[in-house]
């Protein structure tokens, strides 16, 4: 049972360096080795047995007897029949905002003449076949369909498939259809990642796999990414996390609501409040317990709060420094004139400024993607975007004059690196040009 002392308020500057480091350390799953072995066995079975293994896993894991994996076109076309206008309008509004934001991300192709006669281009091409994974659970995660399907459509991927555990709710199928996805397969978990990574009789092998999932799905993505005949992946997502920076103008009701909203994602979620004001921490703590009573999933949230932190600092600058070290998936800055402090933030998956920007808005409908780096990976990686569904290719074209101008530079560098064949690739051409010029003069 969680006491009213939790989460415990901790004064940052009263802690040693090792204690400070421990405060920002994410929970570690002690069952990783067992999961690794079990996932490896699932992947091997799918690789060897294809669809037959998938049908068996559907029965074993989801207690569903399937005779076909692909959702028929007729079901896709009729998926919105039993959905209310209110639901359809909410999906439409969210998709409009997500589309608007992601369309603005599109990169322009470039061409640069680095020297006279040396033309360099960068061109963009969509990925050919991509696989989207949408987790199952107690409620349909249609927001994930939009966050994956919209950028895939904008990127103009040639073929997009979607996998989700059976039975797939109509609202998931309907949302996928709106995203232009007409290949939907009823298979979930590690086995769906294996199917997309290796390919089976029914499910095509994809170039890249996208989407969040539990620790089994994440481990499957990791193994598929490392397999020589596997597929690329978007990222390895860990448990969800939120960090809130608050000053004395912040509303404890809002802070508590945001901490709780993130905590209900699962028992491994991480929630941290950092503030220079102990009174804000205490008021938030009281509000947490008040709001906790009305939540239907409060057992999960209670466990998360046991491992949550309320860190008291000397000033706001210290808050920013701690946040950058932690590199949260979601960062909420509930301080006065929050946008004035944005330049102090260097590491975060997604940032929410001010009292009126709850993390929930980003989860569903404001526009940016909610597939974000976790476990501190925001120090080097970004949230999902259109570019993740595309690839950049460089193009170079040199004229004779361009090669002549660049040849001495190239040959000098090849000689330093002692790569003689590289040097000859230049000198043979230069000699040919000189011979042609001599013949022209003689002719």
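Placed from the backbone N, Cα and C atoms, the Cβ positions cover glycine too.
The annotation in Swiss-Prot ties 262, 265, 422 to Zn(2+), and of the candidates under consideration, 207, 299, 363, the one tied to the same site is 363. Site annotation (Swiss-Prot): substrate is bound by 240, 262, 265, 363, 417, 422, and the candidate from 102, 289, 330 recorded at this site is 330.
A 10 Å radius around the C-alpha of residue 329 (active site, proton acceptor) takes in none of the binding-site residues listed as 363, 417, 422.
Rounded to a whole number, the distance between the Cα atoms of residue 363 (substrate binding site) and residue 133 (NAD(+) binding site) is 17 Å. The residues near the NAD(+) site, meaning same-chain residues not in 133, 191, 214 whose C-beta sits within 8 angstroms of the mean position of the site's C-beta atoms, are 135, 163, 165, 188, 189, 190, 192, 193, 213, 216, 217, 220, in sequence order. Per Cα geometry, 330 is the residue among the recorded positions 191, 214, 330 nearest to residue 240 (substrate binding site).
With respect to their backbone Cα atoms, residue 191 (NAD(+) binding site) and residue 422 (substrate binding site) stand 46 Å from each other.
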